[in-house]
Each structure stands twice: as structure tokens, then as C-alpha cells.
Amino acid sequence: MGNFIDKTFTVIADILLKVLPASKQEKEAFSYYRAGMSAQSKGRYAEALQNYYEALQVEEDPYDRSYTLYNIGLIYGNTGKYTQALEFYHQALSLNANLPQALNNIAVIYHSQALRAQSLEEDEYIELSKELFDKAAEYWIQALKLAPDNYPGARNWLKVTGRLSDNN
């Protein structure tokens with residue numbers, strides 16, 4: 001199914017590039033972005049990153065840049081480079097605050113780090129885990145405000161841990 005979706009996206013993207021009015025620079029940026037998405041969907045992360053970075057060099061539109069930055073964050077997150085992932089998610093959000101998926105992914109990283117810290121069972125790590133859980137909650141609440149029907153697992157965790165009230 002993924003291969004069909006990738007091919008469909010490529011065909012639609014090619015048609016859009018031909019029929020929509022766009023500058024040469026916009027078309028170039030979109031071509032890099034499209035190549036990055038294709039490589040990313042096939043797990044070729046180095047190639048995807050290269051294309052995304054090329055897209056950022058020529059893309060001027062903040063909205064379009066936000067999705068490129070978001071996808072770079074996805075790759076870093078998928079490869080365990082969480083500090084870089086957080087950096088790119090935050091950059092994406094600075095250009096486009098309406099990215100609940102970036103907020104969710106930030107929360108997932110903080111939640112995962114909190115669980116890891118909690119498992120160490122030393123006082124300093126217990127406090128760190130509480131801070132990280134609170135950060136995860138903060139980002140999940142923001143994501144749920146933008147996309148109330150998404151992230152049911154996050155909503156449940158927030159309710160169970162007492163971090164979600166009727167005011168959130």
C-alpha cells in the first residue's frame with residue numbers, strides 16, 4: 001500500500017508542478033521536497049535529509065519550510081537523534097504553530113525520556129522524570145487543542161495522571 005501511495009503522490013505532484021503557476025525557485029524547492037518524501041518513505045534517510053536540506057536552501061515560504069523542517073525532525077526522531085528532532089520540531093512550530101503532529105512528537109520524546117529516567121529509580125532521576133512528564137503533558141495539551149479528535153492515547157494518559165482538566 002505504501003508504494004501505491006508514494007507513486008500516487010508522485011504523479012499528483014508532477015501534475016501540480018505543471019499546471020499550477022509557480023516560480024522556478026518554488027518548483028525547485030518542491031522537487032527537492034518531493035524527492036525527500038519519496039526517499040523517506042523508502043527508509044533512505046540520508047538521501048531524504050540531503051533533499052530536505054536542499055529544499056530549505058531555496059524555499060522561502062514559511063509554511064512550506066515548516067513541513068520540510070517537520071520531516072527532518074521525523075527522520076532524526078526515527079533514527080534516535082532526539083535532541084536534533086526536538087530542534088527541528090521547534091523550528092517548524094516557530095514558522096507554523098498549527099502543527100499538532102509536531103507537538104505530539106515532542107510530547108512523545110519527552111514522555112519516552114521520562115520513562116527512561118524513571119526506570120533509574122534514583123532521587124535525581126525521579127525528579128527529572130516528573131519534569132519530563134510535565135513537559136510531555138504540556139505539549140500533548142497543545143496538540144489536543146489543535147486536533148481534539150486525535151491522540152486518544154495521549155488524552156487518556158493526561159486524564160489518568162490528572163494532567164487534563166476541563167479547562168485544558
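Each position is counted from 1, following the chain as shown.
Glycine residues also receive a Cβ, built from the backbone N, Cα and C atoms like all the rest.
Residue counts for the repeat 'TPR 1' (29-62) under DSSP, split into helix (H, G, I), strand (E, B) and coil, are 28 helix, 0 strand, 6 coil. Per Swiss-Prot, the feature repeat 'TPR 1' maps to 29-62.
Counting only same-chain residues 6+ beyond the ends of the repeat 'TPR 2' (66-99), those with a CB under 8 A from a CB of the stretch are 33, 36-37, 40, 45, 48-49, 52-53, 55-56, 59, 105-106, 109, 112-113, 146. Swiss-Prot lists 66-99 with the feature repeat 'TPR 2'.
Mean pLDDT, taken over the repeat 'TPR 3' (117-150), works out to 94 on the 0 to 100 scale. The repeat 'TPR 3' annotation in Swiss-Prot covers 117-150.
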Helix, strand and coil totals (DSSP H, G, I; E, B; other) for the repeat 'TPR 3' (117-150): 27 helix, 0 strand, 7 coil
